[in-house]
Amino acid sequence: MDASTATVVAETLLSIEAVTLSPDKPFTWSSGLKSPIYCDNRLLLSYPEERKVVYEALAESIRSLNPDVIAGTATAGIPHAAWTAELLGLPMAYVRSSSKGHGKQNKIEGKIDPGSKVVIIEDLISTGGSAFQAAQAAEEAGAEIVGIAAIFTYELEASQKIIAEKPYPVTSLTTFSKLAKIAEKKGEITASQLDSLKQWQQSPETWNPAGERQA
Ligand SMILES: O=P(O)(O)OC[C@H]1O[C@H](OP(=O)(O)OP(=O)(O)O)[C@H](O)[C@@H]1O
Ligand SMILES: O=C(O)c1cc(=O)[nH]c(=O)[nH]1
């Protein structure tokens with residue numbers, strides 16, 4: 001992503017207070033990892049001007065991939081995919097984390113035809129598990145994944161390894177390092193908080209929250 005988009009999107013997320021720090025009472029992520037930071041991009045839904053900035057950037061970031069369908073990850077990726085698809089005038093679908101237990105038992109809702117070129121839209125990439133399982137489900141339905149696009153990535157080693165193996169581009173509008181640097185510059189976090197966040201980000205699996213003993 002170009003530097004100005006990464007800056008604008010990071011500033012946008014900070015401006016709507018999408019980012020919360022809680023080093024003493026860590027968040028538990030969907031992967032089970034403990035984290036001193038949580039980025040809630042779902043809050044974009046409530047801010048029409050800010051979401052326009054982000055969805056226009058998402059649309060521009062994938063336009064050249066010439067997708068046939070924009071597919072969101074359930075649940076947080078769904079509205080982002082919907083608005084991006086709207087801007088590009090393209091069909092939209094979404095991928096559940098597991099198949100429905102009733103009705104048509106679908107994992108994919110909306111149409112993804114075999115042979116269609118699909119971009120997966122993800123809210124954010126932590127380990128990448130959610131985005132890649134959605135991509136796999138679309139591939140199993142016969143789609144060709146031409147890219148995954150997220151609003152934000154933590155740039156964790158685990159996700160970077162999987163991304164490097166993929167034949168398609170996996171991009172994020174902004175990153176943990178960009179956002180943390182801007183937050184420090186704006187005085188929203190201290191230099192020592194920035195250092196702690198960087199330490200956590202290097203090794204979230206072994207991170208030991210202040211005052212909390214590991215079993
Ligand atoms: O990269 P990963 O390790 O997979 O983590 C990121 C995923 O986790 C969050 O979803 P969550 O499970 O909280 O569900 P939601 O989308 O229904 O809010 C987030 O919205 C991403 O989809
Ligand atoms: O990995 C997650 O579950 C996760 C992290 C985060 O910062 N925000 C979020 O919505 N989910």
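Each residue, glycine too, has its Cβ placed from N, Cα and C.
Automatic, uncurated: that is what TrEMBL annotation is.
Now, the feature entries from TrEMBL:
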type: BINDING; residues: R96, K100, H102, E122, D123, L124, I125, S126, T127, G128, G129, S130; note: 5-phospho-alpha-D-ribose 1-diphosphate binding site
type: BINDING; residues: S126; note: orotate binding site
type: COMPBIAS; residues: 195-206; note: compositional bias 'Polar residues'
type: DOMAIN; residues: 48-152; note: domain 'Phosphoribosyltransferase'
type: REGION; residues: 195-215; note: region 'Disordered'
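All features noted in TrEMBL, drawn onto the structure.
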residue	record	contacts (Cβ under 8 Å, 6+ apart)
R96	5-phospho-alpha-D-ribose 1-diphosphate binding site	A74, N106, K107, I108, E109
H102	5-phospho-alpha-D-ribose 1-diphosphate binding site	none
D123	5-phospho-alpha-D-ribose 1-diphosphate binding site	N41, R42, T73, A76, G77, H80, A150, I151, F152
I125	5-phospho-alpha-D-ribose 1-diphosphate binding site	A131, A150, F152, T153, Y154, S159, V170, S172
S126	orotate binding site	W29, S30, S31, L33, Y154, L156, S159
T127	5-phospho-alpha-D-ribose 1-diphosphate binding site	W29, S31, L33, L156, A158, S159
G129	5-phospho-alpha-D-ribose 1-diphosphate binding site	S30, S31
Which of the binding-site residues R96, H102, I125, S126, T127, G129 have a Cβ less than 6 Å from any atom of ligand 2? S126
Looking only at the domain 'Phosphoribosyltransferase' (48-152), what is the model's average confidence as pLDDT? 98
Of R96, H102, I125, binding-site residues neighbouring ligand 1, Cβ under 6 A: I125
For the residue listed as 'orotate binding site', name the DSSP secondary structure in the helix/strand/coil scheme. coil
